[in-house]
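Data first, discussion second: the structure below is written as structure tokens.
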């Protein structure tokens, strides 16, 4: 599971490198002490080690920059986006455009939407839990993998249409999707829900 | 040196803050502490937050609790490091609440004190033989393999026996079982402490028993951890199929709890698909249900050493509210082993001047506000004193639980500050006062930059061994590198 996601990131990064357009660290704040070392074997230790460290989290940011830059030069591809609405804890709506291929976690962060991402999309926490607000859209998503379900087990205020934001990847059919960010405090205090011990 | 440090810190803080900052001190730099700090900084632009920790290293259980083969779980350190480097935040390591500075002093220095120092002790079983050599708490074992400087010299002997019994079936128990059973070569590329890796390489332990008082439906672990331990390479899993029979009550419990349902399904699958006979020398993991430890057995050959556990079989009994507890049946059974790890829960330790509920092992509080006593009277509050994390709600939950826990505490703090607007605006010495006090006591605090030195040293040493880091595991080494 992780391997396939990582290699996907790797391909994107390599593509970026071959075009020589890649900005090594686009959002300096994000990756300071990444555990990217673990990923290196899959990338055959390229010279641009720094780029690969934490690449999962940055990949689409880099990629989209690259595509946009190339679109004018080569006229080959135009950046495709879909409309996504985030509904935050207070019920405020935010409408954003998300490039195809980008995860909702990355999209939220690029748009300063408050969605936690403690493990930075490595499928090791449940903090980017979102609730797909329409069943119709939920059904357009592939079923969550065991690993995602394992994390959803621990999410606060889990619903029938809960997903992890890092696992929902923008694709054309999802145009118009609405995602609610669960109101954490309310769930914690009122339901008194206590997850199983660590 | 310390004075110079203090001056730099002060000039920085004065330049970025209004003349009356809200002085906040967070005790403990684990997830509860960092999430509290982050949310306080966000909610109060005038807040200046100091995080103190008794260790030179920050991040609490993310460093010393999360298993070395779970690097993804530790990524949250990135987020915490950004908080620590925030303009209005400072980290002071090597500062111990109770000895370097008292709680009373902290409360005089700061408008708001949030205690988030977790649970650094263990629950005891209170049964005969608990002090025998070879019996440890899982916490000690976890600290040992994670290189916590207080457990480097844990008297562990992994070469005397081929069998270890783990009491408890929560995630900590599963972590410990996994570390004992995984091939050391697989752990060699993690950030496991080098002394632990060396000991595990020579370990003669081949059989691990995970023993729970209740049944597979009530197992306290989560699916992820269970899936992982069941998936260990070349491991033979044992489970009594009779234990998997469900009562109507079990069915009901499973129906209402997704985690329990998925855990049960995994156990069921493991029992029905696994090979039944291990090859000789193959490692074995035994899940044992419906047993509670009655006493520990002492070895005849090696006086003072544990040689087994005397268990009583149990059944589940209704105690109302849909709750069921394990009660003994009067039938007993022995299990031979040379090592026992008790994974039955962590326990918080109080400090002077702090109300404490010894029965629950937490600080009495309402939504993070510390109460003067355990009577539950919500009007008797300890003004300006709050709790978060395990000290507030007991030792359960995952890292993310602290996110919500901190949010709740910070909401309480904000509500109180609004009510006490006039009082809170009285200036307090905060960081300046703390540094002055530490200086007078010759307490050599360490800032976040000192941790960064430790961090880069560990990373460099790790790269020589193909590990993400090679942890410094003694106080001497840590302090030496920090002060270079």
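Every residue, even glycine, has its Cβ placed from backbone N, Cα and C.
The NADP(+) site in TrEMBL is built from B:169, B:170, B:171, B:172, B:213, B:214, B:397 plus one of B:225, B:407, B:408, namely B:225. Taking the Cα of residue B:213 (NADP(+) binding site) as the reference point, the closest of the binding-site residues B:61, B:390, B:397, B:398 is B:397. Taking 8 Å as the upper bound (exclusive) on CB-CB distance to chain A, the binding-site residues B:32, B:171, B:172, B:399 give B:171, B:172, B:399 in sequence order. Here residue B:214 (NADP(+) binding site) comes close to B:289, B:290, B:314, B:316, B:324, B:326: these same-chain residues lie at least six apart in sequence, with C-beta atoms under 8 angstroms from its C-beta. Following the DSSP three-state reduction, the secondary structure of residue B:225 (NADP(+) binding site) is helix. Around the Cβ of residue B:170 (NADP(+) binding site), the number of neighbouring Cβ atoms within 10 Å comes to 24. Residue pair residue B:32 (FAD binding site) / residue B:170 (NADP(+) binding site) shows a Cα separation of 21 Å. Annotation note: residue B:171 (NADP(+) binding site) sits in a helical segment as assigned by DSSP. Long-range C-beta contacts of residue B:172 (NADP(+) binding site), restricted to its own chain and to partners at least six residues apart, with a cutoff below 8 Å, comprise B:138, B:139, B:142, B:343.
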